[in-house]
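Handing you this structure, nothing more for now.
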Amino acid sequence: MTNCPTLIVTVGLPARGKTYISKKLTRYLNWIDVPTKEFNVGQYRRECVKIYKSFEFFRPDNEEGLKIRKQCALAALNDVRQFLTDEGGQVAVFDATNTTRERRETILRFAEQNGFKVFFVESVCEDPDVIAENIVQVKLGCPDYTHCNTEDAVADFMKRIKCYENSYQPLDEELDRDLSFIKIIDVGRRYLVNRVQDHIQSRIVYYLMNIHITPRSIYLCRHGESDLNIKGRIGGDSGLSARGKEFAKALGQFIQSQNIRDLKVWTSQMKRTIQTAEALGVPYEQWKALNEIDAGVCEELMYEEIQQKYPLEFALRDQDKYRYRYPKGESYEDLVQRLEPVIMELERQENVLVICHQAVMRCLLAYFLDKTAEELPYMKCALHTVLKLTPMAYGCKVESVCLNVDAVNTHRDRPSFLTVLLHRRHPLNSSVNM
């Protein structure tokens, strides 16, 4: 089986970050255009058992509880089958404890019957501080404990963990040597990787070895307003306008006021981001990968000029802005692939300021906010505004800070209707690579 769907199966005791990993993996894989969906068995259980009473439900001798949990797991697996077989999915993430060898063998049989590859992701953590932090940050906010005070909720959840501990059979290097898996030990202090079978599994491993849970913030902004921005022309490599230089100074003052520990500053290799960074008076690193989308033959044209000179191109881009590639240039889809190393490095880093461009900022923002390919090209990323992203347990908190320096509006809304104009003598038909 070389080109078949992949079933990612989490393994581990409660409060070990399995759902955090599942959600991040799902978001990353969808961002790189691998259709992925998460199936959280806990959510199936909550839909089946509307009112959670206590940890007693999870006791190994609670036959009714065991029966319900098994039914929920099977219901989730049925939905996995439908997604991977009928709905065009390539990866499904089966998010549950899966702590017994018996349960994992059931999943392996299911995968074999349906022609799916299986990759296990086990999270092992014995650090009581990390476990306690996870319980407080995540578990106390879940529906099981809506009507419960913090102290009682923590006590109940600790007893729930105990219910799993006695029957927990971790993945074993010898007994499970034929399985494909990664074991993440103590939140990434150590990893054990076994029998990676294909490209998608290697990407999953690489991604999981780059993420961390250290509190940090990522600041995203565009360069200051440029001379070509004022003229309404796209692309190019012009310098900052007078207002763009004013924004660069204001950005320096804002960053200084934030008292950010060990801040790293990244720019593209284009003049307008470099000039913006120079006003900060701190070291910065240039990334070619952060350069603006290449508009090819449309570089330095106004949208009106593109519509007049290349009407078919203009209409095609409006039809599918994410996948449309400028002749001799790039598409947003190309840009996402170019930015994947930037995302990997952002996941490794702590506090970073990224000074970039409109299309680039949209792609980065779409990753952190889990936006679809259809939404991505129309996200609003205004000039002279800083977005502060703070990764949270299952998402990302966004704070928008306008630095009160006027700038032109470069945003173009999604068209309300589409018209494809055909032109016999259109010179670019043969060169468009969609």
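Positions of Cβ are set from backbone N, Cα and C atoms, glycine also.
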Select one of Arg189, Arg190, Arg272: the residue that TrEMBL places in the substrate site alongside Arg222, His223, Gly224, Glu225, Ser226, Asp227, Leu228, Asn229.
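The record-listed residue among the candidates is Arg272.
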Give me the Cα-Cα distance between His223 (active site, tele-phosphohistidine intermediate) and Glu292 (active site, proton donor/acceptor), rounded to a whole Å.
11
Specify the count of other C-beta atoms within 10 Å of the C-beta of Arg272 (substrate binding site).
28
Calculate the distance in Å between the alpha carbons (Cα) of Arg222 (substrate binding site) and Glu292 (active site, proton donor/acceptor), and round it to a whole number.
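Just about 10 Å between their Cα atoms.
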Sorry to bug you, but what's the C-alpha spacing from Glu292 (active site, proton donor/acceptor) to Ser226 (substrate binding site), rounded to the closest Å?
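Distance (Cα to Cα, whole Å): 13 Å.
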